[in-house]
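The structure under discussion appears below in the form of structure tokens.
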Amino acid sequence: MKYRRVLLKLSGEALMGDREFGIDPEVVKSLAGEIARVVEAGTELAVVVGGGNIFRGVKASSSGMDRATADYVGMLATVMNALTLQDALEQQFQVQTRLLSAIEMKEVAEPFIRRRAMRHLEKGRVVIFGAGSGNPFFTTDTTAALRAAEIDAQVIFKATRVDGIYDSDPKFNPQAVRFEKITFHEVLVQNLRVMDSTAIALCRENNIPILVFNVFEKNSIYRAVQGEAVGTYVC
């Protein structure tokens, strides 16, 4: 086992599968199964979930909505996704989980307390972080970098729809080249949009590498934990 403690960043879009909006139960079940396998193998796993399948604060603010308000709505969307993932893990795979929210909502989640999160991980529970960082103007990518630093994660797995980072968009350029390994500096200089610049800066300052890979490839999360060559490694 290459990694002992991992922070998995799941985009909201990953949860909707081929749909244009919302949550695909079959996709959630598949992801929960992958997570369960990783935990059973002995890796401590925390998850940050996005909310873009339900609401995107940046898009709403560009349409005239107050940016801070839009971001708070987006945070609530992440909690909806987190609850859905939690239910799949517990009901279908009998994996112990804890949902920790950056915004207090004691009826559905524990408040985020760093030491509590780390104790849950040590006990083999999957820790799901909801409500982003609790602050507007910050993305869930930045939340992933922040939480990874706080819980001493060895790596961030950024699970996406593509199999790594390319020098240009492979959707529009068939000759696009995929990087196997790239530095934080190169990501920023080339504006490759792996994560936003705040998240990249946090990872660079705290020496937390990022592995970007296609979450829809079978066993991709498990293979990544084992140290197999999947996706693009950013360090």
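Here, residue 1 is simply the first one shown, and the rest follow in order.
Glycine is treated like the rest: Cβ placed from N, Cα and C.
Some features that Swiss-Prot has for this protein:
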type	residues	note
BINDING	Lys9, Leu10, Ser11, Gly12, Gly52, Arg56, Thr160, Tyr166, Asp169	ATP binding site
BINDING	Gly51, Asp71, Ser133, Gly134, Asn135, Pro136, Phe137, Phe138, Thr139, Thr140	UMP binding site
Counting across all protein chains present, how many other Cβ atoms fall within 10 Å of the Cβ of Asn135 (UMP binding site)?
16
Cβ density check for Thr160 (ATP binding site), other Cβ within 10 Å (all protein chains) comes to 20
Using all protein chains in view, find how many other C-beta atoms are within 10 Å of the C-beta of Phe137 (UMP binding site).
13
Highest Cβ count within 10 Å among the binding-site residues Gly51, Asp169: which residue is it?
Gly51
Closest by Cα to Gly51 (UMP binding site), out of the binding-site residues Lys9, Thr160, Asp169, is Lys9
One should report the C-alpha separation between Ser11 (ATP binding site) and Phe137 (UMP binding site), rounded to whole angstrom, as 17
For the C-alpha pair, I'd like the distance in angstrom between Thr160 (ATP binding site) and Asn135 (UMP binding site), rounded off.
24
Between Asn135 (UMP binding site) and Gly52 (ATP binding site), how many Å separate their Cα atoms?
17
What residue among the binding-site residues Lys9, Ser11, Gly52, Thr139 has the most other CB atoms lying within 10 A of its CB?
Lys9
For Ser133 (UMP binding site), list the number of other Cβ atoms lying within 10 Å of its Cβ atom.
22
